[in-house]
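Trainee: Swiss-Prot feature annotations, pasted as is:
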{"type": "DOMAIN", "residues": "10-206", "note": "domain 'tr-type G'"}
{"type": "REGION", "residues": "19-26", "note": "region 'G1'"}
{"type": "BINDING", "residues": "19-26, 81-85, 136-139", "note": "GTP binding site"}
{"type": "BINDING", "residues": "THR26", "note": "Mg(2+) binding site"}
{"type": "REGION", "residues": "60-64", "note": "region 'G2'"}
{"type": "REGION", "residues": "81-84", "note": "region 'G3'"}
{"type": "REGION", "residues": "136-139", "note": "region 'G4'"}
Amino acid sequence: MAKGKFERTKPHVNVGTIGHVDHGKTTLTAAITTVLTKKFGGEAKDYSQIDNAPEERARGITINTSHVEYETETRHYAHVDCPGHADYVKNMITGAAQMDGAILVVSAADGPMPQTREHILLARQVGVPYIIVFLNKADMVDDAELLELVEMEVRELLSKYDFPGDDTPIIKGSAKLALEGDQSDIGEPAIFRLAEALDTYIPTPERAVDGTFLMPVEDVFSISGRGTVVTGRVERGIVKVGDEIEIVGLKPTIKTTCTGVEMFRKLLDQGQAGDNVGVLLRGTKREEVERGQVLAKVGSIKPHTKFTAEIYVLGKDEGGRHTPFFNGYRPQFYFRTTDVTGAVELPAGTEMVMPGDNVSISVSLIAPIAMEEGLRFAIREGGRTVGAGVVAKIIE
């Protein structure tokens, strides 16, 4: 049977559930699809369908992730849920599932636990911009004061990691009761309150085409009589014929002008996010551009060599290293289309990093890369992926 046509009428937002093991992330995911489907249509998913998450690969790393979708009055949501803690770490660091906002699930009976804290920290490090809290298992707590105490703890924890704890929406409910169709305040109505919080608290994300122009350079050709053509896939924004643009990274930044855009051998007047194009550059020599640089709107992105990052190191069973690495480790960092060697500095007090760990590090690259916070990269040794990371903060 054919799947229903995807109606692109409502704005699209990516979200996901995060939080400690057994606090009810998957049950809540099932409850959201079940309750919202009754009102807005779509497909309900039960717990077992979500819990049996298929494997996918991102940046050479295998991750188990479940994807569900649902609609509210005003939006279409794609929602990710992961079965295990390690899958969350990998998912957030590789950006396999970019989240415009996260639903932090906290059991009202237990309060914040170690993974609650770790997921909030990860969300901060990898640039998840908004968190909404679902205080789950409210049916197991009779004491209103206890509920308030847990809520205060969660708000303090969010504030500690630079989220606006005092202004964060916290919805109290029971995913289990909602799933069973319970009509009390903590049953189905709690799911509708959560949906309303998603709709109002998470702003509609900027579409890629509305961003500032950026295109990673994949290949460079010289066409006699016409000049230099750079090919690649436009990551965001639009480039028009006649635009002044910059070539950034690896070498000193140079300005040039786009004198032509072609796609599938046809000349266009512009290329936009998602297009695989060739961009003709006026007066630029073939040897002035190379793979690993980017074409970008003038002044929009700068080259950097030093940054802090959150990384996940592949386990031995994932094809990663078999041994730990230490301070001064020098692998290659693969940004967009090229490898650059860099030296790793471990945080004070961390002796070594084992395969399977995630850790915050500082990196010094031997050549500058066009970089902004939130940029993803792979860590490689001789072409083999041994880890993944995301730029947390640029130092210089």
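Glycine is treated like the rest: Cβ placed from N, Cα and C.
Situate these features within the shown structure.
Mentor: Across the range of the region 'G1' (19-26), the DSSP-based residue counts are 2 helix, 1 strand, 5 coil.
Non-local contacts of ASP22 (GTP binding site) by the CB criterion (under 8 A, 6+ apart in sequence, same chain) comprise SER107.
Less than 8 angstroms from the CB of THR26 (Mg(2+) binding site) sit THR17, TYR47, ILE50, ASP51, SER66, ASP81, PRO83, each of them six or more residues away in the same chain.
Residue counts for the region 'G2' (60-64) by DSSP state, with H, G and I taken as helix and E and B as strand, are 0 helix, 4 strand, 1 coil.
Outside the region 'G3' (81-84) by six or more residues, the chain places 16-17, 21, 25-26, 29, 50-51, 53, 63-66, 68, 91 with a CB less than 8 A from a CB of the stretch.
On the 0 to 100 pLDDT scale, the region 'G4' (136-139) averages 97 in the predicted structure.
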Trainee: Per DSSP, to which secondary structure element type does CYS82 (GTP binding site) belong, with helix, strand and coil as the options?
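Mentor: Where CYS82 (GTP binding site) sits, the three-state DSSP reduction gives coil.
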Trainee: Pick from LYS25, HIS85: which of these binding-site residues has the biggest number of other Cβ atoms within 10 Å of its Cβ?
Mentor: LYS25
Trainee: In the region 'G4' (136-139), how many residues does DSSP put in helix, strand and coil?
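Mentor: Across the region 'G4' (136-139), DSSP assigns the residues as follows: 2 helix, 1 strand, 1 coil.
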